[in-house]
Amino acid sequence: MVSEITHKSYPLHFVLFPFMAQGHMIPMVDIARLLAQRGVKITIVTTPHNAARFENVLSRAIESGLPISIVQVKLPSQEAGLPEGNETFDSLVSTKLLVPFFKAVNMLEEPVQKLFEEMSPQPSCIISDFCLPYTSKIAKKFNIPKILFHGMCCFCLLCMHVLRKNREILENLKSDKEHFVVPYFPDRVEFTRPQVPLATYVPGEWHEIKEDMVEADKTSYGVIVNTYQELEPAYANGYKEARSGKAWTIGPVSLCNKVGADKAERGNKADIDQDECLKWLDSKEEGSVLYVCLGSICSLPLSQLKELGLGLEESQRPFIWVVRGWEKNKELLEWFSESGFEERVKDRGLLIKGWSPQMLILAHHSVGGFLTHCGWNSTLEGITSGVPLLTWPLFGDQFCNQKLVVQVLKVGVSAGVEEVTNWGEEEKIGVLVDKEGVKKAVEELMGESDDAKEIRKRVKELGQLAHKAVEEGGSSHSNITSLLEDIMQLAQPNN
């Protein structure tokens, strides 16, 4: 066992740097716990507000004896021209704050350097989010290997790798509507230029920030990926080859959450009582409920949210609808009451205004479908729970994840969204799927057609394989062992 080797020969000390966004921090905290369970000393470096978000989960982990500590560094907001109170990416109210936010983040280099000079034992390895390129300078200065965490799947990472190597593909497209085929891929997959998370034109200061991230990616020792070999074998192998063998699939990391409290409190505290939510689910038939959640930074226009609501109503199926960023959606709240929507669906629709205990909901036997924005955390949690997916991608890696889910894995149905909804530009897009489209897609996913039955069968199988992957002897469990052995060799005092 690596945990025994770790203690007896040379104590490993990993320093983790999560990016300050909910979807990035959640898996990084899970990774911290997985490594600590193997006897690795873990130090998480983050800001006070972000540390508070995970206080309960980490306190339980520390009380159970796991060697985890948190070091807080103050974000230099004022010096970077960032208004106070914008310590997390998902709290930014305007795209104009993006550049000052990343400036503030990269200014953490100096205080973090001082921390490293005083750390004991000396760190053996850094695990850093892709969005924190300054950690490469720390790794170089202290001669420590840096492992990168992107928060994406191997399908998406390999797609980006191929397109970076063949930039002319995107550059030669005549318009943003034109489709292209990704070359050298195991499956035939088509995208438009905006659908891939690889910007061909980025203005001014934002371009420099992006280039720093790409450069830091190239110089990292390796990459850990929150996926499992059995889910996307051809893409996991292809990406590992692209990284000269230094890529480890260690997921689904969410499966380290064994107890109800940990499942319910990943990230922000849920805005619904856990028991109330489970009681509501218990009252529904097996596989009958559609769970609807479009992510932590989704703010679709009111016109689209109305169509989504009316489509859910007309589907005649029970549903849970999570509306996050609730304070931004006051008009929707008014529409719920004034139009009579909330009253009409009260017997079969549960509206959660804020944060939901997503893992608990997806694991419940009455849930038979998940309408998702295809963020990788949500996508993987759905598959791991054996729940078929109804895909509604918005931006970033989400169209890549949709292609994997619908075309390659065949565990979901597309809602029909083809156009990218960039953050801050939602109103320009308007309605992409009307109520009839929503109703049709729900029926396609949750009906009794042969295709729907096949999707349900396939996702159940992949869910079972996910649980096997993280058990002792499973692919992800073995990959963590391999990673630790690799770092242990590098960390020996005579190296």
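Backbone N, Cα and C define each Cβ position, glycine as well.
The feature active site, proton acceptor is assigned by Swiss-Prot to His24, with similarity to another entry given as support. Annotation note: His24 (active site, proton acceptor) sits in a helical segment as assigned by DSSP. Counting every protein chain shown, 22 other Cβ atoms lie within 10 Å of the Cβ of His24 (active site, proton acceptor).
Residues within less than 8 Å, Cβ to Cβ, of Asp129 (active site, charge relay) and separated from it by at least 6 positions along the same chain comprise Phe17, Pro18, Phe19, His24, Met28, Leu148, Phe149, His150, Gly151. As annotated by Swiss-Prot, active site, charge relay applies to Asp129, with the evidence given as similarity to another entry.
The anthocyanidin binding site annotation in Swiss-Prot covers His24, Gly396 and rests on similarity to another entry.
Per Swiss-Prot, the feature UDP-alpha-D-glucose binding site maps to Gln358, His373, Trp376, Asn377, Ser378, Glu381, Asp397, Gln398. Applying an 8 A CB threshold to same-chain residues 6+ apart, the list for Gln398 (UDP-alpha-D-glucose binding site) reads His373, Cys374, Gly375. In the three-state DSSP scheme, Gln398 (UDP-alpha-D-glucose binding site) is classed as helix.
Sequence-distant neighbours of Asn377 (UDP-alpha-D-glucose binding site) (same chain, 6+ apart, CB under 8 A from its CB) are Gly23, Ile26, Pro27, Gly151, Asn226, Ser254. The maximum pairwise C-alpha distance among Gln358, His373, Trp376, Asn377, Ser378, Glu381, Asp397, Gln398, the residues recorded as binding UDP-alpha-D-glucose, is 20 Å. Mapped onto three states, the DSSP output places Asp129 (active site, charge relay) in strand. DSSP assigns His373 (UDP-alpha-D-glucose binding site) to coil in the three-state reduction, outside any helix or strand. Trp376 (UDP-alpha-D-glucose binding site) sits 10 Å from Gly396 (anthocyanidin binding site), taking the C-alpha atoms as the reference points. Sequence-distant neighbours of Asp397 (UDP-alpha-D-glucose binding site) (same chain, 6+ apart, CB under 8 A from its CB) are Met152, Cys153, Cys156, Pro197, Gly375, Trp376. For the binding-site residues Gln358, Gly396, the greatest number of Cβ atoms within 10 Å around a candidate Cβ is found at Gln358.
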